[in-house]
Every structure is written in structure tokens, then in C-alpha cells.
Amino acid sequence: MSMNMPQKMQEEVEKRRTFAIISHPDAGKTTLTEKLLLFGGAIRLAGTVKGRKASKHATSDWMEIEKQRGISVTSSVMQFDYDGHRVNILDTPGHQDFSEDTYRTLTAADSAVMLIDSAKGVELQTKKLFQVCRKRGIPIFTFINKMDREGQNPFELLEELEQVLGIRSYPMNWPIGSGKQFRGVYDRQQTQVELFQGDDHKMIEVRKVSGYEDPLVKEIAGEFFYDQLIQDLELLDVAGDPFDYEKVQSGELTPVFFGSAINNFGVQTFLENFLELAPIPTPRRSTQGDIDPLSEQFSGYVFKIQANMNPAHRDRIAFLRICSGKFERGMSVKHVRPGKDIKLAQPQQFLAQDRDIVEEAYPGDIIGLFDPGIFRIGDTLCQGGNYEFDELPTFSPELFSKVTVKNALKHKQFQKGIDQLTEEGTIQVFRTIGFDDMILGVVGQLQFEVLEYRMKAEYGVEVQLQRMNFQFARWIVDKDVDPAKFRINSQLVKDKKNNFVVLFESEYAMRSAMDKNPTAQFLENAP
Ligand code: G4P
């Protein structure tokens, strides 16, 4: 007899781990992803993940802009099996030009892996992505990469996590030597020594020990590294945070692993520990309370819409995170916002950049739905219910451009395009008071480029963008806003819903405006 449904559901949910890797460009995200996929046997050649190195793009039909820039404009999803687990990695663009999509993708993850270059420490993009994860309170695992190079002192790196990000850490392992002298790690959890072997460091020797006082440690680590290692480990035991499972789950304590992705060193132990500690798909908040992933009724929400995967067909793919129940191809679900029933006929799954039709999927999985223009970011699909998942957060724009249409006769198409792209969540639109000029706000430069491209390709409109000096937008909650108060290094504008917003050129300008208007509230997002 086959397994009964609830038991099967439980097994499927419990084996899933859905996470995103957050890092600054060049920290080694592509390399780490390749290695993880290799362990799972998901791909034959590690190199295939690196689609951005030209050749792959020649055959793909992704946006022209992707080909030109050689980057992945929007993130995709990779899936592999390892040791009884089903792992979903949500890819977030590693390029500086990340966009709001990157942030939204993080909401579909149940945990995050923070990848840090040992020489560079915590960098800007990591910091931004970390803050989004922090707000959600998801567990964050840290992999300190490039230990085969001269990096910062490990204690300094931990200090930086605390100072810059405000998160406490627990080193799961500790490096023995570093740079050219990097010998391996001492695993504090498993009390074992893992050593690089051979010229190319490809062989790894693992020796179980009773603790770091074990004479065997000295023997294998070598006289030269031993004293330092013992000193460090003692200091960690005395002054470091104790391991606390609850704090890991609430994202207050990050387990830290040292390794070198390119040498495949520390990746496997990292993966195994991660799978052990990372959460299974968790209940998600909705307008009718928490939705249990084990519920038999299917539900999910759209966190990203990717346009123009095939420009010839102008099709879009809506990425759906499954939150509960089992997904089956062809099933009928309620599209809650418009209140319509729809049939999910052509669901797709993503392995690196290849698309496959998916027959069934479970909570934690991401599926791509063919979108003839009916979905919006944040939409809920569900069976047997009439609730919506908590709206996705919007992010405060940091880059601003005045936008005008080059050919005034095209004004109608221009407006249509802007409306559509705003609705998709691609850009935020503001109007100046009086002159009614249009200002666009985004979180990444790439969003402007995508806008220019799509306005031309899809609406036949050439736009002119003129960058403005503003860096911050704050929504003002104040009955009688006086525009005169916001003229120095700032400007008062209105958003689409006629809320007042002030754009500031600097943090200083923002602070002083707040000081001068103590009764007003300044919000990062629309109220
Ligand atoms: P990203 O996706 O985060 O941007 O980083 P990516 O994996 O592309 O890695 C950035 C560079 O860092 C690459 O070198 C990569 O080989 C190197 N790298 C990754 N992990 C390690 C490591 O553990 N140790 C050392 N020493 N280097 C590492 P590149 O020369 O820029 O690119 P490539 O030509 O090697 O692909």
C-alpha cells in the first residue's frame, strides 16, 4: 500500500531546505553554488552554473540586456538532492546592480547563507541583504571563504559581524593556519581535525579527536600551528558565545564556517551541518492567520515576475513560492486578488538556466508559472480558502532619475508602460509638486537600464533618464506639510497614492529635516 497522504506530506516538507546565498560580488557565490550542486549531483559540469561567461548566453533567449552585460538580471532557482534532503537554492544576482527583485527573493527563503571573503570582511551588498533577512528573523549561516589567501584575523572577522551587522556568532570550526599556510580546520562540534592533503589540496583527511587537548591534534596540526590554535580555541571557549540552537533559529546567532570554496575545502561539512540546522519550510503569515505547510490545501505567493524570457512571445514567468499543500500540474486554484479560479497548466521548474515542466511540488519549492499578464508581485494562489499572504515588503528607493519621453507624441504609450512597470514592482514613481515632473526611484542602477530597455522593446518608447542627487526617500505622515521646509538638499514630491514623500540628498539633510519637524513621522516606505 502506498503511504497515506499526511505522512507523505510530512516527509516531503521535512526534507526540504530552501535558502538564498547573500554576498557581495566576487566573494565566491558562483563557486560555492557550483560545489554545492556538485555534491548533490545536480549538474555534471560545475562550469555550467556560470552562465554569465558568455557561451551559455548565446543559446539562451534571455533578455538582450543580460547578454550585453553578461549578468543574470533576475534570479533563478536551483534544486538538488543530498542525503535525503531536497535543497532549493534561490539565486540572487551577485552583480552590484541588484534590484528589488533580489530583496524580494529573500522573502521566499527559509534561511540564508552569508558568504564573506576572508580578506574583505563584511561588504556593502552583504550588509544590505543581511538587513532584509534580519527583519524577517530567519536563520543566517556564515561561510568565510578564501581561507587559502591571506585574509583578516578570524577574531577580527567575528568582531566585524558583531560591529557591522549586529549579529553574534558561533564558529563551528576554526582555521589551522591561513593563506599559503592554511592547513585545515578544527571542527568544534564534531571534535575532529580536517586537513588539506596533497599539492592541490583536493584530498581531505579527517581525524576524530577527544578534544583540542588531544595529543593527536598537536601531531596532525603540527608544532608550528598548535600553540596558536590552542590559544584561539581556549579564548573562544572562555569569551565566545555558547552554541544556542534557539538563537540560531531566530537569527540572533550565526554559525560560522571557515573554508575555501574553490578548493572545495570545508564545503561538504558546511553543507551537512547546514542541512542539520537549517529550518524546514515554516508557516507563513496570511490575512487569516498562519498557514501550516502541512495543510493539505495548496497555497503559495508570487514573489517575482520575470518578463521577456522569450522576447518573441513577450511571455512572462511568475515565480511562486509554495507555502502549503501539494502542487499538481493542471490543478485549479483560486487567484485571490481578482477572485478568479485558474488552472495551473504549464508549471516550470528551474535547474540553473534550463527549464523543465514540473508535475508536482511541495512547500518550500519554487515553481515558475506562465503568465499572460494576470499576476502581480505578492499575489496569493490557494485552494479552498480566501486569504492572502502578507504583502511583500517594498524597499525604500536609493537611486532617483527624472524621466521624460523623447517623442512627445508617444506620451500615451509612455504612460501605459510606466503604469505597467510600476504595477509589476519594477520601479516606484513620484511626481513633483507644481511642475508635475516624473521621478523614478529604484534600489539598483540595473532597474533603470531594464526600464529603458523594456520601454523601448515593449512599448516602442524611448525615454530619457536624468540622474538626480537624492539618496533617500521618506514618506511623511503630517497633516500640513509645508513644501517650503524641504528645499535645501531635499525635495517634496508625491507618490502614486498622493502620499507626501521627501527626497534627500544626504543622510545629514535627512537628519536635520527630522530635527526641524519633530512632530512629523518619516517612514522608509509608504504607510
Ligand atoms: P561571485 O559569484 O560571488 O561574484 O564570485 P565567484 O564565484 O565568481 O568568485 C570570484 C573570484 O573568486 C573567482 O576568481 C573565483 O575563482 C575566486 N574564488 C572563489 N572561491 C575562492 C577561494 O576559496 N579561494 C580563492 N583564492 N579564490 C576563490 P576570478 O579570477 O575572478 O574568476 P575565475 O576566472 O577564476 O572564474
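One-based numbering along the chain as shown.
Glycine is treated like the rest: Cβ placed from N, Cα and C.
As recorded in TrEMBL:
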- 23-30, 91-95, 145-148: GTP binding site (BINDING)
- 14-282: domain 'Tr-type G' (DOMAIN)
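The structure, with features from TrEMBL marked on it.
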residue	record	Cβ within 10 Å
Ser23	GTP binding site	26
Asp26	GTP binding site	13
Lys29	GTP binding site	24
Thr92	GTP binding site	26
Met147	GTP binding site	27
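According to its DSSP assignment, Ser23 (GTP binding site) is in a strand. The DSSP secondary structure for Lys29 (GTP binding site) is helix.
On the 0 to 100 pLDDT scale, the domain 'Tr-type G' (14-282) averages 83 in the predicted structure.
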